[in-house]
């Protein structure tokens, strides 16, 4: 047999949630509702921040970046996922699959970077309030956003090039709801160590560096907050930090669970792993506009006026 005959299958078949094929039809309803909330919430945030000059501050500009990232992440996966669950549209072309994989991983990396930038913004606002506007000026916020985006694109692009060079023999069924790097690597035949090692390197570099900076920022914030003389000021600072930490945990806990399960979690039932992997791309985009919109007084006032 010619080895290139099956080098790239014309399309892959996405299973959805392995083991829950019969229940998928009903699982799609809450997923669709969450996607609707994510679209409505994040588009509203973007329009509010764009239209209101008083919201052109670092915190809200980073929030706009987060809303845009969430829209890309959820839209890269949900419409196709609903097509699988409701209409049985399981086929996805090889180029489309790589494109979906690129957007999912690049923008997950961007989301991690934006959360790190937001933690940095909170640290400067609480620990050096007098310097806040000069340290995080408009150009600096723009440069940070561009840097986070470029980092995501540069780190994830090689995974697509490495996969394009792989042969897939006759394996074309992906036991997942979307095209994910490790799920595709497992279908490739031959030596895939380069893909696995590079994937691990990117995951540890991104989550390791970002989580370390977020942890240091919040440790220093807590130290300053506990020393504030007024109880009201302490409560206000704690309130802001709590909503940020909720968002950070909602993103990183499922992300790390999904990443570690792919490599070391052979004992975890496959449907639980895929379910968490789906929620990891859906819960943060749904939760972020609710947490920030409701808990940020300035934003909530704007929503009420609207």
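Think of each number as a place in line: the chain as shown, counted from 1.
Even glycines carry a Cβ here, placed using N, Cα and C.
What TrEMBL says about a protein is an automatic prediction, not a curated fact.
When the ranges 25-48, 169-192 are checked against TrEMBL, the one recorded as transmembrane segment is 25-48. Note: the stretches the transmembrane segment (196-225) and the transmembrane segment (102-124) are in contact (3+ CB pairs below 8 A, sequence gap of 6 or more). Confidence annotation: the domain 'G-protein coupled receptors family 1 profile' (41-292) carries a mean pLDDT of 88 in the model.
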